[in-house]
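Enquirer: Taken from TrEMBL, the feature 5-phospho-alpha-D-ribose 1-diphosphate binding site covers Lys26, 73-74, 100-101, Lys104, His106, 127-135. Annotation comment: TrEMBL describes Thr131, Arg161 as orotate binding site. What TrEMBL records for 47-173 is domain 'Phosphoribosyltransferase'.
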Amino acid sequence: MEKYKEEFINFMVDSNVLKFGDFTLKSGRKSPFFMNAGAYVTGTQLRKLGEFYARAIHETFGLEFDILFGPAYKGIPLAVSTCAAISQLYGRDIKYCSNRKEIKDHGDKGILLGSKIKNGDRVLIIEDVTTSGKSIEETYPIIQAQADDVDVVGLMVSLNRQEKGLESDMSALDEIHEKYGFGTHAIVTMSDVVEYLYNKPIDGEVILDKEIKKKIDEYYKEYGAVKA
């Protein structure tokens, strides 16, 4: 496993973003783990988060795109911090863009925040985690409606939960790739997380022990995705 992936897993744990226990997801599933990107709240956390995304994007997609689109609301700080990190780390000026939940009818009117999207633009979508793909169903048409010739080059998320969607046995990322044709990647997968954290002391405490791993294994027996 690449060192930055190990560092990112530690970062999620230290930031209280990745938790283990008993959680009920929006889908209704009972999950032994939960990721809450809303827990990244400090300047230092957001700076580091942007750097992790920037490295992963550089490694998987390169930097041949023009706009980083972060769907409202959680995607906005992701896009902003990652654009800043790409500029700092790689000297490439990427524009950020997001959508408004409510269309503004005064001042700077329209549905977009940040950069406008025009013909010829290459757009990369950035999100925290994608469980069902519903957000992309909302985001993709918004991007495509801005101009006649817009290329969505891919989707980057922080964690691939690797569980099947609500409509097929494929993961949400694989479903999105199959439906829209662009690349879908994550900084880390849940398999990476389990491999790295299992029985590993973090600040003197093992947060993923044998009991929790058993619950995770049972969860994936029922909800684990089939690779496309």
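Each Cβ is built from the backbone N, Cα and C atoms, and glycine gets one as well.
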Enquirer: Does Thr131 (orotate binding site) have same-chain partners at least 6 apart in sequence with Cβ under 8 Å from its own Cβ, and which are they?
Expert: Leu25, Lys26, Ser27, Arg161, Glu163, Gly165, Ala172
Enquirer: For the binding-site residues listed here (Thr130, Ser132), tell me which residue's CB has the most neighbouring CB atoms inside 10 Å.
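Expert: Buried the deepest by this measure is Thr130.
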Enquirer: Let's check the environment of Asp128 (5-phospho-alpha-D-ribose 1-diphosphate binding site): how many other CB atoms sit within 10 Å of its CB?
Expert: 21
Enquirer: Look up Ser132 (5-phospho-alpha-D-ribose 1-diphosphate binding site) in the DSSP assignment and reduce it to helix, strand or coil.
Expert: coil
Enquirer: Would you mind checking how many other C-beta atoms are within 10 angstroms of the C-beta on Lys74 (5-phospho-alpha-D-ribose 1-diphosphate binding site)?
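Expert: A count of 17.
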Enquirer: Hey, does DSSP put Lys101 (5-phospho-alpha-D-ribose 1-diphosphate binding site) in a helix, a strand, or just coil?
Expert: strand
Enquirer: If you count Cβ atoms within 10 Å of each one, which of the binding-site residues Lys26, Lys101, Arg161 comes out on top?
Expert: Arg161
